[in-house]
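A.B. asks: So TrEMBL lists these for the protein:
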type	residues	note
COMPBIAS	1116-1126	compositional bias 'Acidic residues'
DOMAIN	52-144	domain 'Ig-like'
DOMAIN	146-239	domain 'Ig-like'
DOMAIN	262-344	domain 'Ig-like'
DOMAIN	354-441	domain 'Ig-like'
DOMAIN	447-534	domain 'Ig-like'
DOMAIN	610-705	domain 'Fibronectin type-III'
DOMAIN	710-803	domain 'Fibronectin type-III'
DOMAIN	808-910	domain 'Fibronectin type-III'
DOMAIN	911-1012	domain 'Fibronectin type-III'
REGION	691-711	region 'Disordered'
REGION	1116-1150	region 'Disordered'
TRANSMEM	26-46	transmembrane segment
TRANSMEM	1027-1048	transmembrane segment
Amino acid sequence: MKTHKEAVFYSLLSTPKTEISNTFNFFFFFFFFFFFDISVCLYLHVAVEQPPTITSHTPSPVIVLPIDDDITMRCEARGNPPPVYRWTRDGEEFIPPYIPTKNTDHSNGNFVLYSRHRATLQGKYRCYASNKLGTAMTEEIELMIPRVPRFPKEVIGPVVVDVGQPVILKCNPPEGVAPREIYWMSIGLQHIEQDERVSMGNDGNLYFSNALETDSRQDYCCYASFATIRTIVQKTPMTVIVKSCRLLIMSIAAIDPPMRIPNLLVPPGVQTEVVLIKGKELELECIAEGFPTPKVEWIKMGEHLPARTKIKNYGKLLTISKIEKKDYGKYMCRAENTAGATVHYFDVIVEEPPKWRTEPPQGQLVVVGSDISIKCSVLGIPPPDITWKRNGEILKDEPSNRILVLDDTVLLHNARPEDTGVYQCEVSNTHGSLLANVNIMVMTMGPLMLTRDKQEYAVVQGGDIIMNCSVFSSPPPEISWAKDETPGTIEGERFSVHRNGSLQIISAEKEDSGEYECSAINTEGKSAVTAVLEVKGISVPRAAHCFSRVSPSDYTLVSLIKIRYLVGVGMLQIMNVNQSDQGVYTCIAKTSLDQTNASATLTVLDIPDAPVEVEMSEQKGRSVRLSWTPGSDHNSTVTEFIVEFEENQWEPGRWKELQKVPGNQATAELALHGHLSYQFRVYAVNAIGPGPPSEPTERFRTLPTGPDRNPENIKIQGHLPHQMEISWEPLLPIEHNGPGLEYKVSYRRLGLGEVWKEHLVRRHLLVVKNTPTFVPYEVKVQSKNGDGWGPEPKIVTGYSGEDVPTAAPRNVAVEVINTTVLRVSWTPVPLETVRGHLEGYNVHWLRTQSLLYPSKGPGERRSLSFPGNRSHGIVPGLKPYSEYNFTVNVFNKKGNGPHSDLVSFHTPEGVPEQVPILTASNAQTDSISLVWGPPLEAHGILIGYLLQYQLVNETTKEVGDSQEMNITGPDTTHWQIEGLEEGSLYRFHLSACTRVGCGPPLAQEGNTLAQARECIKLGYSISTQGWLIGTMCAVALLTLIALIACFVRKNKGGKYAVKEKEDLHPDVESQGMNDDTFCEYSDSDEKPLKGNSLCSLNGDDMGGDSVSRDSLVDYADGEGEFDEDGSFIGEYSARKHRGSVAEPTGPVTT
């Protein structure tokens, strides 16, 4: 008995996923052992049998270095009996050369590899741990013994090339322990200088795009460094001789080599397929030769390069760290020099090694007769292959279909003790593998009584009683009851034995009292337990009293027993009402002389009870009739019944809705899938909610048949030009209707009347290779299993893989709409050259130069996409009076086609931009000087300026009639306006003009001076204010100090050309100044920088929003500069492409 208890208790503690038969009560079982003698735990490890489980092993790969000592190959496992170990190498039995003496008790499978044995022991190892219950195994452990790296001894002849020709110095470094670093140095250990012309590739070779005479030397050495083993090896030095091309004309003179169109040294060909594992670093390399040295640029076809992209090795190496699925696609490198260009395409494919979809399959502990499902859910690209083994041997289907191997699932029906073992799920694709050892334990043990012996029961005469008999055993036991050790005494309709072994007695009688024995027996043994029953006579229950107030002192209160019932003054309150509260409540009020009572009926609405007597009838191959008896509706009419099913092959233990039945019916005709073991249950729904489900029916197994339907949502697409990928939504597992589900995929080219090509596949994907690029196909997919075919499938059409277009648009023409907008037209490409779904056309343009400033470099390349098949597009945002280059290309989902021939076009002249600055200065009584800067963009040939000015009433802000004048000098940036009214405010508008017209004006305001006497009068009035006079004196003193400081700094910094020019040409404006004018200050050095005159009497120089507040500092725009004393040199010196700001060249009269 103790051994059985130990086994069951251990299985609960150590088994990850335990399946326990519904025939015994799990919770009773758990609490029984919780209080069981704790000493049982002391010898669990001795008495409990357990299959082997690998606990530790040497991870793969094992790289043995020359500097390493002896290597121990570890393999440890637990199990009872203790496991016995064996090893294989490369699939063959392997006897280890030495096992440590400390492990002679065979507690593990470790062995030692001495250094003298290493050379012959390289290979792939696997450890097996076995006992009588099964065999567990490890993944393959690859033992790698790299040799000491060295270059071969060889004689390398000199490399002789002409100047300008490419050179490749091959390193061919030896393999060795990573990491490996390659260097190119001289004999004197000086690094070979690398740049855009000379660089080392990923393969370690040294590439010269074109050779120069300076490249000639005799000591090009390739060094390979292996840091792990602290080793550096050197290749035999190589000699390069570059022959010069010289022309004898009077004297020997060197000439440049001829120009050469770029050609790729690495990689070869036009296109390369790169397959990379997700998470690794992508490296794409393009090394080109040519003269002049080509420059390399990188693009990703159809989209931008990822943000993680880095360009290295002088533009020749593109890297993307931690590659992701979205990074797949076509990349292009373009090598270009002045002689031409070449390109190379990379098809980047991102794949993944196998990984568990959620977690590895877990071990199971089951009883005899159970159904077992082991599922191995994995992900990976390409889809991994799954191999099933049992105890290290290949697992195959049994002819009786009791054991089925279905790709990622193994099904064992009606488990037997011999099914106990270790099942291996081994998953692999081209990038890696996974292994899971799954312990399956089919338990066998004699009956173990979980009900306490001599359990006492009591029942009132006429009542019903249930006496428990809980048993655990495998296989399930047969249970029988006897009274007073007399067989056959428990008979009649009043006695019934439930499925869980309990005995129920209905309407108990006095003679039913006594001892009852419950016996349980199976193939492993027998056990019994005794129950004692006492039937008591009928007792009269005590009435529950409430109270009713009659007088303040004359009442009796009797409290009810139940806590949920609260008795108040003349009130009974029930908390948390449930069905047991339904009934008639009577309140009795009494005094010492009399009593009275009143009754109330309580009706409780609740969810319906579970249906009972759920039975199956009319069982056919794939249908059954289900009937049931509804439970109590608890005062709320049942609206519907829900029939649920559970099948134990694909999703055991999961209940799903099968059919809804109206609430006034209690039967249902159920149509089922084939080759499944069903059980059913029913629950009712009323206005309160759904009720609990009924007890499940017995299992009903349907017959296998062919599939009822074919796959849906068939997709035809191609990720590569010469492939077609056909995929579909597979049938649900329960729709297989039988074992061996497959799909017949038929395809042929559309409209050619070809014979259907057919493939039988188990997965829901078929990749057809070597297909023509983008041609229509007809496809149909039909399901099939071992019992027949599905219905005739529908035909769908699609296209094979796309490739980039091959033709460029022709007859590209440009039509002017205005100075900044053009209409570009072209002849569309033939549709057969698109080689895919035509997405649209791209128009690319580049402003090569401004016609006004030809020396200015080209602008930014821009492009605009026009979706659909069209022949023209509108291009906005161009610059007037410029030269543009246009090209057009077609694009599809795969990428862009070739560009059309280059079309050059000149945009017409336009009006200039607004002048950037306009200042009014050097005001006199009847004149004002204006200084401005030319427009930043003239948009044509500047012919002069249009000046307009108006008199402004400073009080009402009304403006007078506008006067205008044309300033014909395009280089003029200074003008003096005379004949103005004294002491008045004027508003000036200045526009730059080309032959097309004038641009937007810039406004500025300025005041003329009043007469000097007014200044003197004003000064007299001010002089009477003492505080103001003091302030003015302080300001004058500070101004004088500032002037002296500026003068000293200017003399100390030297004399500039600007100052010399001013000395030679005195400022005529300063000569016209009135020396008697109050607070006027003039300095020829600073005059061009002044805004309004400092002598403005009212100081009001603020205009409206349109008045410019700019300064010459803002106008500098990076071309002007300030000298050491703050002067704006750019104002005096000639500005590039913009004329100059100098004294007016025209007349100064208005």
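Cβ from N, Cα, C; glycine included.
Bear in mind that the values here come from a model prediction, so they are computed numbers and not experimental data.
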A.B. asks: Based on DSSP, tally up the residues of the domain 'Fibronectin type-III' (808-910) by helix, strand and coil.
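C.D. replies: DSSP classes over the domain 'Fibronectin type-III' (808-910) add up to 3 helix, 52 strand, 48 coil.
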A.B. asks: What stretch of 146-239, 262-344, 354-441, 447-534 shows the most Cβ pairs under 8 Å to the domain 'Fibronectin type-III' (808-910)?
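C.D. replies: When the Cβ pairs under 8 Å are tallied, 262-344 comes out ahead.
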A.B. asks: So, taking each listed stretch (52-144, 146-239, 354-441) in turn and counting its Cβ pairs to the domain 'Fibronectin type-III' (610-705) that are under 8 angstroms, which one gives the highest count?
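C.D. replies: Going through each listed stretch, the top one turns out to be 354-441.
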A.B. asks: Mind looking up the mean pLDDT for the domain 'Fibronectin type-III' (610-705) in the predicted model?
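C.D. replies: The answer is 93, the mean pLDDT of the model over that range.
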A.B. asks: DSSP helix, strand and coil counts for the domain 'Ig-like' (52-144)?
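C.D. replies: The counts are 9 helix, 46 strand, 38 coil.
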